[in-house]
């Protein structure tokens with residue numbers, strides 16, 4: 001009867017709502033941050049700033065995975081259960097790490113980091129420029145009227161703009177390539193730690209540290225930073241950048257394709273590769 005009882009806890013609702021609110025706060029960072037850099041930075045400096053922005057988006061997950069690796073070493077009921085009473089180790093399949101601890105730490109840090117955004121000015125000038133006299137002489141009422149007119153025009157032209165984007169072969173090819181890259185990256189980050197656990201007998205914390213902290217995120221971070229630096233240094237335009245990205249991506253796909261010849265023997269698993277007897 002105890003095993004057949006269904007769980008009635010509703011704590012998962014709080015976790016779901018928290019993730020929804022977190023997504024609402026995190027989603028505007030990349031599109032609005034990129035738009036801000038394109039609008040208010042000098043053309044020769046924006047590639048370097050974008051490289052720094054993407055580098056920061058990699059450094060954050062890097063420390064996050066390190067934190068997850070540490071939390072996975074702690075038992076899920078840390079603080080309420082004595083360590084002496086735990087009879088299983090982190091390599092045991094029944095081990096459950098303190099996954100909730102990382103959520104509390106990250107939520108506290110996000111709250112502290114979000115406080116300075118409340119003190120940003122309402123309007124900013126472009127890098128190296130000042131406001132024009134006619135803009136400063138306008139009243140707030142006139143500016144509001146112009147803003148309402150611009151928003152109405154943007155709303156009316158949204159569908160034609162969207163249709164033009166879908167009919168642009170270069171843009172659609174870029175979207176397709178981006179989807180493929182993120183699909184491969186997400187698959188690697190999702191299944192490779194489990195593969196290391198099963199194939200090499202690593203614990204969950206060690207697998208997370210190896211994949212995220214050593215193998216993947218540091219090199220991506222370096223690539224983002226130096227990519228923006230080289231574009232600023234050598235003044236690479238968008239067409240040259242597209243050609244460089246194509247050939248580098250082709251080289252990466254070729255290197256990944258070569259891993260088909262590096263195969264490890266599958267360990268014996270009862271019920272899968274060998275019989276129970």
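Each Cβ is built from the backbone N, Cα and C atoms, and glycine gets one as well.
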Range annotated as transmembrane segment in TrEMBL, from 170-188, 189-207: 170-188
Feature transmembrane segment in TrEMBL, mapped to one of the ranges 48-68, 69-89, 132-152: 48-68
Leading contact stretch, 48-68, 98-120, 170-188, 208-232 vs the transmembrane segment (244-263) - CB distance under 8 Å: 170-188
